[in-house]
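Before any comments, here is the structure.
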Amino acid sequence: MRGARGAWDFLFVLLLLLLVQTGSSQPSVSPGELSLPSIHPAKSELIVSVGDEIRLLCTDPGFVKWTFEILGQLSEKTNPEWITEKAEATNTGNYTCTNKGGLSSSIYVFVRDPEKLFLIDLPLYGKEENDTLVRCPLTDPEVTNYSLTGCEGKPLPKDLTFVADPKAGITIRNVKREYHRLCLHCSANQRGKSMLSKKFTLKVRAAIKAVPVVSVSKTSYLLREGEEFAVTCLIKDVSSSVDSMWIKENSQQTKAQTKKNSWHQGDFSYLRQERLTISSARVNDSGVFMCYANNTFGSANVTTTLEVVDKGFINIFPMMNTTVFVNDGENVDLVVEYEAYPKPVHRQWIYMNRTSTDKWDDYPKSENESNIRYVNELHLTRLKGTEGGTYTFHVSNSDVNSSVTFNVYVNTKPEILTHDRLVNGMLQCVAAGFPEPTIDWYFCPGTEQRCSVPVGPVDVQIQNSSVSPFGKLVVYSTIDDSTFKHNGTVECRAYNDVGKSSASFNFAFKGNSKEQIHAHTLFTPLLIGFVIAAGLMCIFVMILTYKYLQKPMYEVQWKVVEEINGNNYVYIDPTQLPYDHKWEFPRNRLSFGKTLGAGAFGKVVEATAYGLIKSDAAMTVAVKMLKPSAHLTEREALMSELKVLSYLGNHMNIVNLLGACTIGGPTLVITEYCCYGDLLNFLRRKRDSFICSKQEDHAEVALYKNLLHSKESSCNDSTNEYMDMKPGVSYVVPTKADKRRSARIGSYIERDVTPAIMEDDELALDLEDLLSFSYQVAKGMAFLASKNCIHRDLAARNILLTHGRITKICDFGLARDIKNDSNYVVKGNARLPVKWMAPESIFNCVYTFESDVWSYGIFLWELFSLGSSPYPGMPVDSKFYKMIKEGFRMLSPEHAPAEMYDIMKTCWDADPLKRPTFKQIVQLIEKQISESTNHIYSNLANCSPHRENPAVDHSVRINSVGSSASSTQPLLVHEDV
């Protein structure tokens, strides 16, 4: 091998010498006669095998340079000869020899490698509507079917076309946006074997067909000197090949700083933020700032205006004449608009510079963030004549204050003050009204009700002073009795623009003098008829009022009490509880869905709240609102519910308040949404799938037991342990048909349970679940007790269930149709859940923490009977009340462990002070639930964003004495039993 190479070198040297001699014997070539350099071997293509030698010789009279190019990469040599001793696949490419005149010759070399048919250049990019080259040149030109193939056998798009070149690769024609992220291989058949290249993923750069979309965070800013100015420009385009900048109007100098932040949002959406800031704005920074962006298609811009003032301001604009005339008994609204920066912190209306009124609304002129204009409306209703005067609106912020005054005059019908006296031969009529009344006199012979003959000019005096500067004007008019020569009636008539009134005076001649006979106007037949009609009308109104008051009125169930002298208590008026406006949530961020429950005056609607927890997050919530038919009482009740919920705070086992809308529209209360509805119907749905190890059959056992008499029998050896009640329908363990029977009409969420929710809770119900529900409700009630809150309507229908089988105590209030709910019995002026109420609540109208404990015992009976109604088959009548009073209680439900029935019996103790507290109940149930359930609940409580508030120990009992503050009437007096 070495000898062969030496011979080759010798021949190469001889060839060079011959060329030199030939060149020296020929005339030199002029620069204009330069020829192409010649390459040996004289071929356009050369095929070698991997490991072979590549030897290329370039001859030219002058200097030559070799250039090797493959996949866009270049390498150079200045020797006339290019030698590669052991060729590799990567030596495949175009070899070019260039002389000093710039003329060149090329040869393409294929290095055949069975292991490497394709040379690969990644990544693969393509521009929309242009051609793109898939760089996969071949190392062996003698293959067949050189083309593109989809990954994993997937077909290529039907409209994709390409052109194959073994030396360059495969060119895809007219790239489309739909090809983005297309996976493909270069493929070929080499000696009957199908070969694939490495995987290419085509990334398409979208063609720019429109100008960028430009927007700013706010279109105008108003600042005080020294405040920070910060505005963000958002540029949207299909790719990052967009330029952007902030420009100040008139190129004024400013100390503004800019910061850029960009990201891709999807495949063909590019976003860039240009944030402009001035840390301490000055008056001369005021002006117009333009955000400018451009791409290859064109440019776009948007502006924002900055106004910097040296200090804050308030400008008031009355929206009506400041002098207002209104008739007696009518309404008027005093409306002002005002501009204020910074935001106003104090607004007030003052009457006659001494008393304030709160019958006003204040709201922004628009929802725009840049809004500085506000509207304030004072509502004056059914104005009386004495309520005229000055009404001054005061508004202030941290810098200035301002005010505007309205002069309100109340137009009143004239009132005759004096008309039936003769003084020194003069008859006087005194009238008061506004505007100033006019008085006319009329005379008619005899005793008449009205006169038609006017009396000539009379002496009329106007009293300059009035009751108040804005009160009635008093007018005096006198007439000489010598004007009248005969017996008769004199009528005084006073009138103004509002109305008129009159009074008459009767006199008769007696000798040479006149004397008054009587002032007959009060007892005329017309007046008598009017008085009778008015009396009948009053009686009718009183009857209607009585009937209205006898109707069951809505009352907030949850009551907050305050302790006095340690034991006795009174209810706190919920309207006096504070409301923190931090709960306010914008109405326009609520999207309402289906109605979850409805009552006579209110309803609960499923809604989506945007930005309630996070600025860009959507959350499903429940919104309680009033129907248009609601009265003032119901509106106040809903506001009271809101105040009670905000006062209580958050706990995992109550339906927590999330927000509210009280400004600019009807009141909306936003609470947590519980997807599984109320616990009562959940239990009834799960009857068929309930798993319980306790299989005792209670179908043949009496339902009621006289607990009081049973205690006495243990002492007195009495054999009268049970009472033969024989209810109309005996208790039978529910059959499958019974279990499928619809529960209660109007139940919250039951009729709207979606398949998605049902699929999400396919697990069966077991005894551990019932114990967990008992435990959670006791925890929630312990929390309410720690807040001095009495529920008054604790039942399974008022317990909601959400994900993780977490129970939450609620009060449906206005949203429950208690009128059509048989669980609520009409007593007095309320509908009450009698079967869940403690004896002291039924007979003495006493509601305490202990009465809630009784209701909790009834709830446990519902729970462990899987949603059966308490006291089944028994109507609420005098017999029912008598049994409760005599100590009869329900026996253990079908699925209740003995320990849970013991808790029920202690909850139903006739002596309220012997019943356990909710804190003690929690401790009792805690011993029965499994460690895993307790552990899961503890973890949920710790991970919950609403942590439990520390409980207050109610071991010191509040005395079970009814508060005089309670408006609820006793259900049944002792004599009715």
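Every residue, even glycine, has its Cβ placed from backbone N, Cα and C.
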_Annotation match for N-linked glycosylation site in Swiss-Prot, from ASN487, ASN716_ = ASN487
_Selected from CYS151, CYS186: Swiss-Prot disulphide partner of CYS183_ = CYS151
*Swiss-Prot annotation: CYS186 disulfide-bonded to which of CYS97, CYS136?*
CYS136
*Residue pair CYS492 (disulfide bond), TYR571 (phosphotyrosine) - Cα distance, angstrom, rounded*: 58
*Count up the helix, strand and coil residues in the domain 'Ig-like C2-type 4' (318-411) according to DSSP, in that order.*
3 helix, 57 strand, 34 coil
*CYS183 (disulfide bond) and CYS429 (disulfide bond), Cα-Cα, nearest whole angstrom*: 107
*Cα-to-Cα gap, ASN145 (N-linked glycosylation site) vs ASN353 (N-linked glycosylation site), nearest whole Å*: 100
*Going by C-alpha distance, which of the glycosylation sites ASN94, ASN130, ASN487 is nearest to ASN301 (N-linked glycosylation site)?*
ASN130
*Taking ASN130, ASN145, ASN321, ASN487 as the glycosylation sites to compare, which has the smallest set of other Cβ atoms within 10 Å?*
ASN321
_Just to verify: the residue among CYS183, CYS233, CYS492 with the fewest other Cβ atoms within 10 Å, which of the disulfide-bonded residues is it?_
CYS183
*Under 8 Å Cβ-Cβ from CYS151 (disulfide bond), six or more apart in the same chain: what's there?*
CYS183, LEU184, HIS185, LYS199
